[in-house]
Amino acid sequence: MAAKDDISDPSLGGKAYEEFSDDVEKKQGVVADVEPIDTAEAEDFSDIDEQKLLRRMDWRLLPLFTVLYLLSFLDRGNIANAKIEGLAEDLNLRNHQYNMCLTIFFIFYASLEIPSNMLLHRVKPRWFIPTTMVLWSIVMTLMGTVQKYEDLLACRALLGIFEAPLFPGISYILSMYYKKSEILMRQAIFFSAASVAGAFSGLLAAAIAQMDGVGGYEGWRWIFILEGLLTFVVGVYSYSVFPNYPKDCAFLLDKERRFVQWRVKFSSNAENKKMLGSGEESLSKTVGEDMLGSREYIWKAFKDWQIWVQLFICWGILVPLYGIALFAPSVIFALGYTSTQAQLMLAPPFICGAIICVVQAYFSDRVGYRAPFMIFSLLCIVMGFMVCLVFSPITQANSIYGAMFVLSIGAAGFPMTVIWLANNLGGTFKRAIGMAIQIGLGNFSGAFASNFYRDQDAPHYTLGHALELGFGCMGIIASLIAVTGYLLSNRKKRKDIAAGKYDDTSSEELVKMGDKSPYFVYRL
């Protein structure tokens, strides 16, 4: 039997659970949820095997989300593979025109992530996400038929529009199924698809490019056409398997749905009690999470200092990540390798990054800290670009290629930025908006990185490497600011609780305070 005050333990049931439920109602009343679960808070969940349920959720959610994001990253990044197979020459693209085709994608992609997450909070994901996927797959296929710069530019803009909902949407959906202590590992598995896509894109592009001349199409056209058709097939299939929110999830039983909502709603309490008061009842209180949507949370999100600091951390990772994804083929090609060799040499660094992404997330969840792993990733980015700047790509090409491994390890820290912020935002609607702000504005980094690497700078690319190095350093500084802010905030909350400042504050008011509640502890 779990200790009574460890309310996150699913084995809590029977009489002990009833006592806990009574205590919750006395202290704070019933807090509204996406779907009211008043009965769940008075229900005995002791017959539910949490680990078995987690494994079922993992198998139903993670493989699907991973495949969808792999295809998303593959489709947005395959233009880099097409470039070294002759895209720019066949369309008579100047360097600034190619860069604009990269930039336009991110302008629309980043601009629409916030409104798409606001919409996703109110519609069924099962229809919304697959529909956007089918639409971008059609655009991707049509990219294989473009004849001039304007055609390619329009397709890239539409691709950005239709891909925008996927990443922030899936990140938000995961936060509705998993507790804070569980989500990073899942997010890392899902995000590792980006690294796998980086490796897979090179291998796939090298194979598809051999179709040059088939049907009268150049090899680079077949890259767009076949990868677009693959995404279309998966998008249509996903209509039948994409999940809704837990409250009406098809693969969960009614009681399991209530349990999943309950465990997420109260997931912070045991951890907060330990961090705030080392188990002292006087410094702890059972407070659920506000799971209603309200316009006031939009304003609260935009005013929250941590979202903007975390945005700079996000840029510190994402700008280098997109720099690597979009220009690694060109950088390796500039070292003197053939286009096929350059495509194949992309695989090892990206696979290395995928492995590190999952391993790092596992240990972060185990120890409960985000900042040390975040700073480690940023240091890898700084060291990687320092190597690129110091060593000559002409006489020391192996050193530049080795730096790609270090940079891929650093870029693997991106899920940490998303989950670190998500862990520290209270209230599901504020979390949805906050994550969309971070990811949406963060993805403008793709527009930055698209213009860092110019053809005239090859093979040294000094300007691009130096700018990426600067963003990595900025991320480290922002991480230290975030840690300092969280430490000071937690210290103040502890003092306020000990002084009895919130003794007369109602539970409803505490719930509405979200992460500003004295009983909400920021994760470092």
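Including glycine, each Cβ sits where the backbone N, Cα and C put it.
Curation plays no part in TrEMBL annotations; they are all automatic predictions.
For 61-77, 97-115, 127-146, 158-177, 189-210, 222-242, 307-336, 342-363, 375-394, 400-421, 433-453, 465-488, the entry in TrEMBL reads transmembrane segment. Annotated domain 'Major facilitator superfamily (MFS) profile' per TrEMBL: 61-493, in sequence order.
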Leading stretch by Cβ pairs under 8 Å, where the reference is the transmembrane segment (61-77) and the options are 127-146, 222-242, 375-394, 400-421 | 222-242
The transmembrane segment (97-115) and the transmembrane segment (433-453): do they have three or more Cβ pairs under 8 Å, with pairs 6 or more apart in sequence?
-> yes
Counting Cβ pairs under 8 Å to the transmembrane segment (400-421), which of 97-115, 158-177, 222-242, 342-363, 375-394 comes out on top?
-> 375-394
For the transmembrane segment (342-363), find every same-chain residue at least 6 residues outside the stretch whose CB is under 8 Å from a CB in it, and list them.
-> 81, 84, 184-185, 187-189, 191-193, 195-203, 205-206, 209, 328-329, 332-333, 373, 376-377, 401, 404-405, 407-409, 411-413, 415-416
Ranked by Cβ pairs within a distance under 8 Å of the transmembrane segment (127-146), the first of 97-115, 158-177, 222-242, 307-336, 375-394 is 222-242
Could you name the stretch, out of 97-115, 158-177, 189-210, 307-336, 375-394, with the greatest number of CB pairs under 8 A to the transmembrane segment (222-242)?
-> 189-210
Of the listed stretches (158-177, 307-336, 375-394), which one yields the highest count of Cβ-Cβ distances below 8 Å with the transmembrane segment (97-115)?
-> 158-177
Name the range, of those listed as 158-177, 307-336, 375-394, that has the largest tally of Cβ pairs under 8 Å with the transmembrane segment (189-210).
-> 307-336
Can you name the far-off residues of the same chain, 6+ from the ends of the transmembrane segment (158-177), with a Cβ under 8 Å from a Cβ of it?
-> 57, 61, 65, 68-69, 72, 75-76, 104-113, 116-117, 119-121, 125, 128-129, 132-133, 135-136, 139-140, 143, 183, 186-187, 190, 243, 245-246, 260, 264, 418, 422, 428, 431-432, 435-436, 439-440
